[in-house]
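These notes are about the structure you will find just below.
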Amino acid sequence: MTRFDSIERAVADIAAGKAVVVVDDEDRENEGDLIFAAEKATPELVAFMVRYTSGYLCVPLDGADCDRLGLPPMYATNQDKHGTAYTVTVDAREGIGTGISASDRAATMRLLADPSSGAQDFTRPGHVVPLRAKEGGVLRRPGHTEAAVDLARMADLRPAGVICEIVSQKDEGHMAQTDELRVFADDHNLALISIADLIAWRRKHEKHVERVASARIPTRHGEFTAVGYRSIYDDVEHVALVRGDLPGPDGDGSDVLVRVHSECLTGDVFGSLRCDCGPQLDAALDMVAQEGRGVVLYMRGHEGRGIGLMHKLQAYQLQDAGSDTVDANLELGLPADARDYGIGAQILVDLGISSMRLLTNNPAKRVGLDGYGLQITERVSMPLRANAENLTYLRTKRDRMGHDLIGLDDFEAGEML
């Protein structure tokens, strides 16, 4: 097993102007980035980064700074499979040459981190790629973009970093993997940390959800306890329907049956046949009730896979004209799936869950969860009901979004799968 260094060492190194190596989830990019604070950028640091990485140097910033500096998205529809939020590229307007040298790029990076700079201080396009970090950092999105901003903040520096992927020295056509990254870090006296450890550190030292209320909820599936939560970042309210006894945040909640269900007004409340959300919610409540112990976490703000109710209705309009559920979102300039599960993970941890059997047909829900102190011991398939209205939708989820719906074509609309 690869040895990782402490988060405390990495933060101290960032504060001192050194670079660190940060690796992400093996089910995500499974790559390591060199990261340092943008305000500490020097020609030597940039040259070192260029030598050992792909050379596509990016500067993660928080959203407020992106807005202040006039940095719109590089492309209106973000099609990056990991949702990396690239903005327009820039160079410093004054004091540099062509913009590509290590000295020039270091100057641009420092200017991006300077709170007194403005949009007028940059030319576009340029040789440095700013990125917009998700508010909430790695607790909302377990990416290198957010890790860089978090590390800078934790080091009491401006929330701006510099990142680039480290290239393998064994096979220069590919990126370095964890074992090689450990050797690289040791050779150059750099700290090696994982985003999972950074998430765990922040989760231990910070809190981003608050428990508001708890009440008994009798349902047709049985009796549950509804535990209400509020996200501190955006004030969105979520509900965990708990069956049986859970141990609380300091207990041993292992192998708990869990469904993380995304809000769907049309399917859950109106009984729309265009999706399978309503039947999945009913099935999850029934399965947890029969288990006698478990959680159905109802995530608000996930309507239409995170695009919102009105955008979802607009997407339906495009689907009526022939687009599928993925293309409809993209045609609206929206991601195919804009959901994040960081807040949901914090709620599950607050309920005392340490490991779970996850009720889902979507393998992507597993990505990044380990970093929240949660282990998925089993993925439990959900029963679905296909019908004439949602059969195409289900096939699109299987074929284009990776949902595990093997054998869907063998069933006629209306039969239980």
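Using N, Cα and C of the backbone, Cβ positions are placed for all residues, glycine too.
For the GTP site, Swiss-Prot lists Arg259, Val260, His261, Ser262, Glu263, Glu303, Gly304, Arg305, Thr325, Thr360, Lys365; matching the candidates Gln280, Gln290, Gln346 against that entry yields Gln280. In terms of C-alpha distance, the listed binding-site residues Pro142, Arg259, His261, Glu263, Arg305 place Arg305 closest to Asp337 (active site, proton acceptor).
Scoring each of the binding-site residues (Asp33, Glu165, Glu263, Glu303) by how many neighbouring Cβ atoms lie within 10 Å, the top position goes to Asp33. Taking a C-beta cut-off of under 8 Å and a sequence gap of six or more, Thr360 (GTP binding site) has these contacts in its own chain: Arg259, Val260, Arg379, Val380, Met382. Under the DSSP three-state reduction, Arg259 (GTP binding site) is assigned to strand. The candidate set comprises the binding-site residues His144, His261. Of these, His144 has the most other Cβ atoms within 10 Å.
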